[in-house]
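K.L.:
What TrEMBL shows for this protein is this:
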- 66-88: transmembrane segment (TRANSMEM)
- 95-114: transmembrane segment (TRANSMEM)
- 155-178: transmembrane segment (TRANSMEM)
- 199-219: transmembrane segment (TRANSMEM)
- 246-268: transmembrane segment (TRANSMEM)
- 280-298: transmembrane segment (TRANSMEM)
- 400-422: transmembrane segment (TRANSMEM)
Amino acid sequence: MHGKLLPLAGLYLVQGLPYGLQSGLLPVLLRARGLSLTRVGLAKVLYAPWLFKLVWAPLVDTWGSLRTWLTLSTAALGLACGLLAALPPAEAGQAGLPSTVAGLLLLLNLAAAVQDVALDTLAMQLLEPSELGPGNTVQVVAYKLGAVLALVPPISWALLFQLLAATYWLVAALAWVAPALQQLPPPQHSEPPRHVLHLWQDLLAVPGTLWTVGFVLTYKLGEQGAGSLFPLLLLDCGISTSELGLWNGVGAVVCSVAGSSLGGVLLAKHWQPLPLLRSVLWFCLGGLACQTALIFPLDAPAAQLGTCTVLRGEGLAVVGRSLESWAPLTSAPPGAALLSLCLQHFLGGLVTTTTFTLMMHCSQLAPSALQATHYSLLATLELLGKLLVGSLAGALADSLGPHLCFCFFLVVSATPILYLGLAPSTLA
């Protein structure tokens, strides 16, 4: 099994590199330049290519080899990074990203999404049903380690993307000459291409698909909405961008990797995904309730968003004009805000690994010629659920206020726990 997991780990690791930049640093960078929460949330539109994986998933299923798809998509990632290295991240007098940089980030996500389809197909071809738990742990952990590696070095924009470009081109060359990829069977062309309507009928006819679609659309709505807003509220409270980048980037990914690793251990110990999800989602609901309690003073009538305290290990740093209006926060334990941030990422990693194992188990029930397309359908809808609430979270916070917004996320987080009671026996 180790011979299968090693190439998967390397490819998923390099796929996670741009994610760390766009999810950990880009929102903080835009908020620090004065953009509203609504505009920061709308930057997630750059992830749009991930929502169209179903367009090229049938091509990966039936045309060319996985070796070719992986090599070309990885080389395209290197090209996009090379071009980004030659451009500044901001222009004088412009608060947001330059249009050229935004376009290249869109291209980066397009290449990563194509690579993801080929890589998931490779995983389903290599892994046996008994290996899904460890395999999905490697997938999630390697991806997030790639994300944290992109955040560790305090280097310039140009040097960072030069290093990323060199890494992608090296991995593309290794993928082309890797013996394991050269030995993969070619795609089967025994059946003519399906009509779009027939394709959808075949995908939805796979046992457990309809229930899984509902679950992946909803299981992260509350967590993702709160996770996209809470770091920005801490930034408004006075935490520096460098410190927040450390906690929301490196710290969050490390906690998420730890949670994903624990999920792999529990699945390897013969825990079934559905009972494990039921237990962990209750913990997630409790963690989000604690986080909601921490931001409660932000919605108090006497409180101002730009006038608040920061909960850190060394104590409370007071920023602004009025200390008296923040009396509710001063009773909270030091470090509570950052601790809740890390706890939610830990539990989120555990939930993600278990859910991806469930998704891959469902896709393996499909005919082999449909497995890549079926898994791409589930992965696309999983991302759609997260992007939808992540993009709208800023607008909700601007219109409703942080307190009501987090209460809404709390209610939404209870939905997947109830939905688990409707799971079909085919996924048990």
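Every residue gets a Cβ built from N, Cα and C, even glycine.
The shown structure was predicted, so the numbers you read here are calculated from the model rather than taken from an experiment.
Help me understand the surroundings of these features in the structure.
P.N.:
Here the transmembrane segment (95-114) has long-range neighbours at 15, 18-19, 22, 30, 33-35, 39, 43, 46-50, 52-53, 56, 60, 69, 73-74, 76-77, 79-81, 83-84, 87-89, meaning same-chain residues at least 6 beyond its ends whose C-beta is under 8 angstroms from one of its own.
Using a Cβ-Cβ cut-off under 8 Å and counting only residues 6 or more beyond its ends in the same chain, the transmembrane segment (246-268) has close neighbours at 20, 24-25, 28, 132-134, 136-138, 140-141, 144-145, 147-148, 151-152, 231, 239, 276, 338, 341-343, 345-354, 357.
Only residues 6 or more beyond the boundaries of the transmembrane segment (400-422), in the same chain, are considered here, and those with a CB under 8 A from a CB of the stretch are 211, 214-215, 218-219, 221-223, 225-226, 229, 233, 274, 277-278, 281-282, 284-285, 288-289, 291-292, 295-296, 298-300, 305, 389, 393.
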